[in-house]
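Features of the protein shown, as given by Swiss-Prot:
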DOMAIN    23-292  domain 'CoA carboxyltransferase N-terminal'
ZN_FING   27-49  zinc finger
BINDING   C27, C30, C46, C49  Zn(2+) binding site
REGION    284-304  region 'Disordered'
COMPBIAS  295-304  compositional bias 'Pro residues'
Amino acid sequence: MSWIERIKSNITPTRKASIPEGVWTKCDSCGQVLYRAELERNLEVCPKCDHHMRMTARNRLHSLLDEGSLVELGSELEPKDELKFRDSKKYKDRLASAQKETGEKDALVVMKGTLYGMPVVAAAFEFAFMGGSMGSVVGARFVRAVEQAQEDNCPLICFSASGGARMQEALMSLMQMAKTSAALAKMQERGLPYISVLTDPTMGGVSASFAMLGDLNIAEPKALIGFAGPRVIEQTVREKLPPRFQRSEFLIEKGAIDMIVRRPEMRLKLASILAKLMNLPAPNPEAPREGVVVPPVPDQEPEA
């Protein structure tokens with residue numbers, strides 16, 4: 001037996017450790033590899049650079065409202081391809097694909113519940129559903145949210161994350177801008193607070209309607225907010241845009257929004273503002289945070 005064969009015979013192969021898919025993810029901004037459970041615990045905010053990643057509509061609502069208080073509204077409403085629209089793909093096929101990918105019927109989820117014990121109605125966009133585009137179902141669900149807030153005599157909160165009106169529904173989509181704005185006008189007559197939270201991105205017909213009609217317009221850090229996108233504007237005016245143009249920090253300097261709030265601080269900030277507006281006792285900041293349930297972070301992180 002040669003010396004090479006003797007060495008090979010004494011080698012014991014080790015089993016390669018397998019890491020379940022989805023345990024690790026990467027920050028979109030700084031590129032840092034992050035432990036998925038830790039990121040979820042931090043509400044999809046990078047602990048290294050504070051970049052606010054996109055959050056699903058349901059996780060956002062569960063992180064906001066008191067655990068056990070959530071009741072979904074308008075879940076029976078489903079989109080229809082009334083125009084038999086087709087571009088490079090049939091609209092009904094795009095809907096089916098988005099529904100399968102996200103598990104949602106459309107791009108807006110509405111729930112009622114309590115926030116630190118205070119009754120509220122909250123809506124959140126699912127950006128992964130066709131870019132959070134606004135069609136007839138989104139408009140109908142938003143109006144349902146407004147009507148429920150009036151019925152319960154409570155505030156309304158909406159988290160926007162949308163590319164704008166849904167082109168596949170043409171005029172029916174554009175009509176939702178007027179429909180939602182008219183519904184909010186009735187709510188304003190009742191003197192009920194409506195707080196709009198602008199997240200990345202809030203663009204097009206959504207930013208031109210109910211997203212900017214809040215009694216208070218709050219934005220998350222570095223959120224892209226506007227009508228047309230920066231690239232489209234640059235190509236139209238043939239000029240270089242200012243740094244941070246259309247970002248929330250730029251907008252607050254120009255007086256277009258009221259405040260910027262980090263996501264981990266959003267729940268208490270909203271509750272404090274609404275308590276003042278509704279003449280209710282201030283929320284207890286020491287109360288345990290309820291909401292989205294994430295797996296506990298192990299004592300030791302798995303090896304990358």
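Each Cβ is built from the backbone N, Cα and C atoms, and glycine gets one as well.
Since we're looking at a predicted model, the values are computed, not measured.
Structural mapping of features recorded in Swiss-Prot.
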residue	record	Cβ within 10 Å
C27	Zn(2+) binding site	18
C30	Zn(2+) binding site	12
C46	Zn(2+) binding site	20
C49	Zn(2+) binding site	12
Which chain neighbours of the Zn(2+) site, leaving out C27, C30, C46, C49, have a Cβ atom within 8 Å of the mean position of the site's Cβ atoms?
D28, S29, G31, Q32, L34, P47, K48, D50, H51
Kindly report the helix/strand/coil residue split of the zinc finger (27-49) according to DSSP, in that order.
6 helix, 4 strand, 13 coil
I'm checking region-level scores; what's the whole-number mean pLDDT for the domain 'CoA carboxyltransferase N-terminal' (23-292)?
95
